[in-house]
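Heads up, the thing below is written out as structure tokens.
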């Protein structure tokens, strides 16, 4: 299991200060919409300057027509990031196009398809998809696997079911991790480290429990110890 730290602080300066406290730790750094829109691709270079060993995860959750998604995937791959996200609900054709574009790169990023955001509960999910969250997440995961994606973004509670349904080596990336029993906030489907390990999550994402901790490095070290 690998750890991704979400950079969700209000300013670039605060995010960089957080990163400076984590130098030398074996973590992925997740750059989401807020940071990328505000700070641009130059921000990725600043992260690398702080510690070139940080692995970069660009979490933009692409969702568009196939050609546009393919173009975006090529641009993302050219940035040299290690992984990125798109929505499985963009469809099989769009995911096939992304996979085909990525195949042009000798060293390409991992592509993860989002099934159901962890902010969804069952009721909210049904309002949009008119289906149960678990069954639809399984179907989306299979669609993603059949169309060239490396894995899916899902909650811990779907992770092992998806692996059993698709393949044990199909990757799962699970947000909504509350390692020290923190409040769930705007997330509906949250889990602790033990649950993530039991569900065979390949990557976990932790944000607020790290950057709101008075000693972020200590928090990350404890998480790394817990998933070792």
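Each residue, glycine too, has its Cβ placed from N, Cα and C.
As recorded in Swiss-Prot:
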ACT_SITE  61  active site, proton donor
BINDING   8, 30, 59-68, 118, 178, 187, 207-208  substrate binding site
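Shown on the structure are the features that Swiss-Prot records.
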| residue | record | DSSP (3 states) |
| --- | --- | --- |
| 8 | substrate binding site | coil |
| 60 | substrate binding site | strand |
| 66 | substrate binding site | helix |
| 207 | substrate binding site | coil |
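With all protein chains in the displayed structure included, the most crowded Cβ environment within 10 Å among the binding-site residues 66, 207 is that of 207. Non-local neighbourhood of residue 61 (active site, proton donor): 33, 85, 86, 87, 114, each in the same chain, at least six residues away, with C-beta under 8 Å from its C-beta. There are 15 other Cβ atoms within 10 Å of the Cβ belonging to residue 60 (substrate binding site). Taking a C-beta cut-off of under 8 angstroms and a sequence separation of 6 or more, residue 63 (substrate binding site) has the following same-chain neighbours: 69, 86, 87, 89, 90.
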